[in-house]
Amino acid sequence: QLLILCLVTVINSENSTDNSTENTIENEIENATETELSEAIENETENVTETELSEAIENETENVTETELPEIIENETKIEALNLPQNPKQKYCKSEGQYCSRTIFHRCCGNLVCQLHGFFNGTCVQCLAERKFCIWSSECCSKRCRLFRCRKNPYVQVIPY
C-alpha cells in the first residue's frame, strides 16, 4: 500500500496539470492486483542499466559528508568489537579446520575452540587435545583444564580395542 501511495504521489507531482491522466492511473493502481504490481516492479528493476546504477551510487557517495564518515566508522568498529562470534551464522567466525587466534577478529564459530600451535595462531577444532593451552575445562576433550593446560581426566577410562 505504501508503494502504491508513493507511485501515486510521484505520478501526481509529474502530471499535476493533466487531471484525466491522474484519475486513469489512480484507477489502474486501485484495480491492479498485488501480483501485477510486483511484476511491474520487477520489469522496472530489470530495465535499469549498469550506468544508471553506477550514477546513482556516485550521487549517494558524494552526498556523504566528511564528518559523517568518522562517525559511521566509529560506530561500526564498536559494533564489531562487541561481535564475539559464538553463532555459526555470524559474519566473522571461523569454521572447523580454519586459521584462528584468540583475538576478537579470528574466533571460532559456535562450540568450536581455537587450538593454538604458536604464539597467536591456531586451528578451529571441536575440543582441545591434551597439553594444549586452555582457559576453561569445557574447551578440553578431557573436560579438565588445570594450570592453563588440558590434562588427562582420571575419571574417564580408556577401553582398549
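Heads up, the Cβ atoms here are built off N, Cα and C, so glycines get one too.
According to DSSP, C141 (disulfide bond) is assigned to coil rather than to any helix or strand. Summarising the annotation, Swiss-Prot assigns disulfide bond to C127-C141 (among others).
The number of other CB atoms found within 10 A of the CB of C145 (disulfide bond), across every protein chain shown, is 19. Residues or ranges marked as disulfide bond by Swiss-Prot: C134-C145 (among others).
The feature disulfide bond is assigned by Swiss-Prot to C140-C150 (among others), with a curator's inference given as support. For C150 (disulfide bond), the same-chain residues that are 6 or more apart in sequence and have a Cβ closer than 8 Å to its Cβ are L128, A129, E130, R131, K132, C134, E139, C140, C141, S142, R144.
Marked as N-linked glycosylation site by Swiss-Prot: N15 (among others).
The N-linked glycosylation site annotation in Swiss-Prot covers N19 (among others), and the record cites sequence analysis as its basis.
Under the heading N-linked glycosylation site, Swiss-Prot lists N31 (among others), citing sequence analysis as support.
According to Swiss-Prot, the feature N-linked glycosylation site maps to N43 (among others), an assignment based on sequence analysis.
According to Swiss-Prot, the feature N-linked glycosylation site maps to N47 (among others), an assignment based on sequence analysis.
What Swiss-Prot lists as N-linked glycosylation site is N59 (among others).
Per Swiss-Prot, N-linked glycosylation site is recorded for N63 (among others).
For N75 (among others), the entry in Swiss-Prot reads N-linked glycosylation site, with the evidence type sequence analysis.
Cβ neighbour count for N121 (N-linked glycosylation site) (all protein chains, 10 Å cutoff from its Cβ): 13. Residues annotated as N-linked glycosylation site in Swiss-Prot, with sequence analysis given as evidence: N121 (among others).
If you look up Swiss-Prot, you'll see 1-13 marked as signal peptide.
Taking CA atoms as the reference points, C127 (disulfide bond) and C145 (disulfide bond) are 12 Å apart.
In three-state terms derived from DSSP, N121 (N-linked glycosylation site) belongs to neither a helical nor a strand segment and is classed as coil.
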